[in-house]
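Here's the structure, in structure tokens; my notes come after.
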Amino acid sequence: MTQQIIEEPEIERPKGRLRQGLRRFDVFFLLLCSLVGLDTIGALAASGPEAFAWLLVFSVVFFVPYGLIVSELSSTFPLEGGQYTWVRMAFGRGVASVAQFVYWLSNPVWVGGALAVVALATFQTFIHPLPGAWTYVFGLAFVWAGVLAVSVSLEAGRWVPIAGAVARIVLLGFFFVSTVVYGVIHGVQPLTASDFSPSYLGFLALAPLIVFTFVGFEVSSAAAEEMEAPQRTIPLGVMRSGLAAFLMVAAPVVAILVVLPRDQVSHLSGFLDAAKLVFTIYGGHVGPDGTVELTGAGEVIGVICAAGVIIALFTSGVSWAIGESRAQATACSDGSGPAWLGQISERFGTPVRINVLAGILATVVMVAALNFTSGDIGKYFSVGLNLAISMTMVAYLVMFPALMVLDRKYPDANRPFRIPGGTVGRYLCSAAATLVVIFTLVQLLYPGAGLGLFGSPGTPDDALPAGFAGDRLGYELGQLIPMGLFIAMGIGFYLIGQREMRRADRTLQAVDDPLG
């Protein structure tokens, strides 16, 4: 049955020798790095106790179905390319090509336009200011160190996600313990059940943030043929990393809500804001205006924490790139892009050409973010981040429905992992995850859609990012024009791949029939 799945339809594998380098715990660490983003913790807590309620709701209606979908698809179709292969088998090469290109391109946009910018700001704020050209040196080092980590052999590159996962565990564990100590010293905040009541306004505001917190399960599936027993390894990795990721996000959020004063929590914009406030127990104080200043041991711990955050940002980009680059290499080898980009390095067993192209694109985005923001990096960071998330959601729009299409096309396929409830369970998971993605995409492309309904206060423009208050047109142009351009580029990649396939077919026909 596995042979039937691989050959119907026939999917070309990346050219070159793939090497098995991922073990069971490597997959767990890889997924943990992909799932746990530190900066959402402070932003979630800033939304108040209601954020925890919505965290639980989205865990049930999105996180769990999402994990189950990836577990079944990856165990049933454990093929290199992961989500590209699944969508290709379900909807054909054209749909899979465009969705995969946009999905892959989201990584250089994210790395260059968001991760590098945040890492730079963190370094300058907590470690040492960087004048002039040194900001570009830092950004280039951040981007190209990631390219190197993804391009070396998987046996060596796997240590980057391991380091990132360990950094997250240590950092969040220390933060949680410090928050508890802060509560013992300063007391806890009075919270009632009504404080956790979800609202429609909170739903609109928190949905994209929480969904972004809970994506990345499919990353390891793109390297399915480079790991031991993927039919078992990936579902186990998804379940273990999913539980760990939820606890690593939920526990600090609850600790912040229970311990820190509400007037201080409401001003948090990221994990480091929360960490600075908590680390005042080691040395520092909060000024009358809410400004936090760390001194002595608190300042040293703050620097170490900032370094940990930079490591987490770097390893997030690397972990996603490990999966996305392999999926794109598979797509190019399969006629969904230039075939030469689908080559696997004989020396390293990785898609070096795709990685270098991603590095070039990330560099362009990074330079643009630093050079053309008129000093307002924060304003354009929100656009870049939302655009990267939107691009990922476009891929999910076809990946989640692919579950049901493949269920109908391959009803007798061996499914080592099955979603509970059979066909009904699959439909429910696919529908729930797809609806959440549609809603999230709408909110990202048009923030505030639905505000004013059901008696909710405000207008859609109230939901615009702070830097775009009153500038709906500017925000929309920053989202829709790049998205349209990227989709057009994806179509262009597909057409190039198809032209190359037709040329190859004509060449083969000429060889088989030299006399015509």
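A Cβ is built for glycine as well, from the same backbone N, Cα and C atoms used for every other residue.
Residues or ranges marked as transmembrane segment in TrEMBL: 25-45 (among others).
Under the heading transmembrane segment, TrEMBL lists 51-69 (among others). Residues 44-45, 196-198, 202-203, 206-207, 210-211, 214-215, 217, 238-239, 242, 246, 249-250, 253-254, 257, 399-400, 403, 419-420, 425, 428-430, 432-433, 436 of the same chain, all 6+ positions outside the transmembrane segment (51-69), place their C-beta atoms under 8 angstroms from a C-beta of that stretch.
Here TrEMBL flags 101-127 (among others) as transmembrane segment.
Annotation source TrEMBL lists transmembrane segment at 133-154 (among others).
Residues or ranges marked as transmembrane segment by TrEMBL: 166-185 (among others).
Per TrEMBL, the feature transmembrane segment maps to 197-217 (among others).
Taken from TrEMBL, the feature transmembrane segment applies to 238-260 (among others). Taking Cβ pairs closer than 8 Å, the transmembrane segment (238-260) reaches residues 28, 31-32, 35-36, 40-42, 44-45, 48-49, 51-52, 55, 59, 63-64, 67, 70-71, 74, 168-169, 172, 175-176, 179-180, 182-183, 186, 188-189, 191, 213-214, 217, 268, 274, 277-278 in its own chain, all 6 or more past its ends.
Under the heading transmembrane segment, TrEMBL lists 300-322 (among others).
Summarising the annotation, TrEMBL assigns transmembrane segment to 354-373 (among others).
Under 8 Å from some Cβ of the transmembrane segment (385-406) lie the Cβ atoms of residues 66, 69, 72-73, 76-77, 83, 86-87, 89-91, 95-96, 99-100, 102-103, 105-107, 109-110, 113-114, 208, 211-212, 215, 218, 413, 426-427, 429-430, 433-434, 437-438, 440-441, 444-445, 465, 478-479, 482-483, 486-487, all in the same chain and six or more residues away from its ends. The transmembrane segment annotation in TrEMBL covers 385-406 (among others).
Note on the transmembrane segment (427-446): residues 58, 61-62, 65-66, 68-69, 204, 207-208, 211, 386, 389-390, 393-394, 396-397, 400-401, 403-404, 419, 421, 460, 463, 476, 479-480, 483 of its chain, located 6 or more positions outside it, place their CB under 8 angstroms from a CB of the stretch. What TrEMBL lists as transmembrane segment is 427-446 (among others).
Residues or ranges marked as transmembrane segment in TrEMBL: 477-496 (among others).
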Interface check, the transmembrane segment (25-45) with the transmembrane segment (354-373), three or more C-beta pairs under 8 A: no
Positions whose Cβ lies under 8 angstroms from the transmembrane segment (300-322), at least six residues beyond its ends: 30-31, 33-34, 36-39, 107, 110-111, 115, 118-119, 122-123, 125-127, 142, 145-146, 149-150, 154, 157, 160-161, 163-165, 167-168, 170-171, 175, 216, 219, 222-223, 271-272, 275-276, 279, 282, 294, 355, 358
Beyond the flanks of the transmembrane segment (197-217) by at least 6 residues, Cβ under 8 Å: 31, 34-35, 37, 40, 43-44, 47, 50-51, 53-55, 57-59, 62-63, 66-67, 70, 238, 241-242, 245, 249, 319-320, 386, 389, 392-393, 396, 436-437, 439-440, 443-444, 448-451, 453-454, 456-458, 463
